[in-house]
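Now, the feature entries from Swiss-Prot:
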TRANSMEM  1-21  transmembrane segment
TRANSMEM  50-70  transmembrane segment
TRANSMEM  76-96  transmembrane segment
TRANSMEM  112-132  transmembrane segment
TRANSMEM  140-160  transmembrane segment
TRANSMEM  176-196  transmembrane segment
TRANSMEM  200-220  transmembrane segment
TRANSMEM  225-245  transmembrane segment
TRANSMEM  250-270  transmembrane segment
TRANSMEM  300-320  transmembrane segment
Amino acid sequence: MIFIYAIIALLITFILVPILIPTLKRMKFGQSIREEGPQSHMKKTGTPTMGGLTFLISIIITSIIAIIFVDHSNPIILLLFVTIGFGLIGFIDDYIIVVKKNNQGLTSKQKFLAQIIIAVIFFVLSDVFHLVHFTTDLHIPFVNFDIPLSFAYVIFIVFWQVGFSNAVNLTDGLDGLATGLSIIGFAMYAVMSYMLDSPAIGIFCIIMIFALLGFLPYNLNPAKVFMGDTGSLALGGIFATISIMLNQELSLILIGFVFVVETLSVMLQVASYKLTKKRIFKMSPIHHHFELSGWGEWKVVTVFWTVGLITGLIGLWIGVH
């Protein structure tokens, strides 16, 4: 059945994307590009965005099929809720952006509040309604030590889900970058899930991988479509949720290492400019720094993928030992 889920997820996305692209073009749902960004990006202006809808639809349909046939499918139900919740936030954000024809969508406060609501509902569904059981201890790899957080774990969940949903969003600035890194990350968690005896989560990870593989050919340079916030916010929320449900939260720092570095580069850039009026990087997130330093877009993407693969394998090894 796993093979069937994979094929269904792959085919749905692969078929939907070429249908959605001309529809988005007719509706003029094109991406606006930052004027201060690399000049090579200006030609991307008008490229259809909100393409994340395709793999989210694929994930939803395939997950519902899996829920019907998989024993102990509660983890898939929860992951599906997070997918829809964060995806809806991204969809609303994208819709506002393309209607206004600028790069401003939901305000930071609106987006943050909506993400917090989804994270809290996730905890309530998990803990109060017992859809799944996970410990409220923060597991520290290698030292066989857990930090009991008790109620503070709710705060951690909010921080983790909101943080990583925005981290993937920040990384989605080059053709294929976030998509490829997500495929790598979900592959690591698929293996980890089976090794930690969580097959339902493993099945969901496989659905994620193949849904994204159906999207990747259209998202590679030169991209025919962008996933938009619709896709990136959902992907980040899913990553955080999987790490929480496996009680391997800190593994995400390595499995999602590039996402972490991209986010830190933005935070450091903002802090440095506010404190010293000087910038650390030529532009943030850091992938733009390398572009402005003379790297081609494809080189940046492949190097970042390679880093993501190496750190992902390390994160996987730590997670299962």
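Each Cβ is built from the backbone N, Cα and C atoms, and glycine gets one as well.
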Contacting positions for the transmembrane segment (176-196) when only residues 6+ beyond its ends and CB under 8 Å are counted:
168, 202, 205-206, 208-209, 212-213, 215-216, 219-221, 223, 227, 231-232, 235, 239, 242-243, 246, 248, 251, 255-256, 258-259, 287, 300-301, 304-305, 308-309, 312-313, 315-316, 319-320
Would you mind listing the long-range same-chain contacts of the transmembrane segment (76-96), meaning Cβ under 8 Å and 6+ residues beyond its ends?
29, 49-50, 52-53, 56, 59-60, 63-64, 66-67, 70, 104-106, 111, 114-115, 118, 121-122, 125-126, 131-132, 161, 165, 169, 200-201, 203-204, 228-234, 236-238, 241-242, 245
For the transmembrane segment (300-320), find every same-chain residue at least 6 residues outside the stretch whose CB is under 8 Å from a CB in it, and list them.
141-142, 174-177, 180-181, 184-185, 187-188, 191-192, 195-196, 221, 246, 248, 251-255, 257-258, 287, 290-291
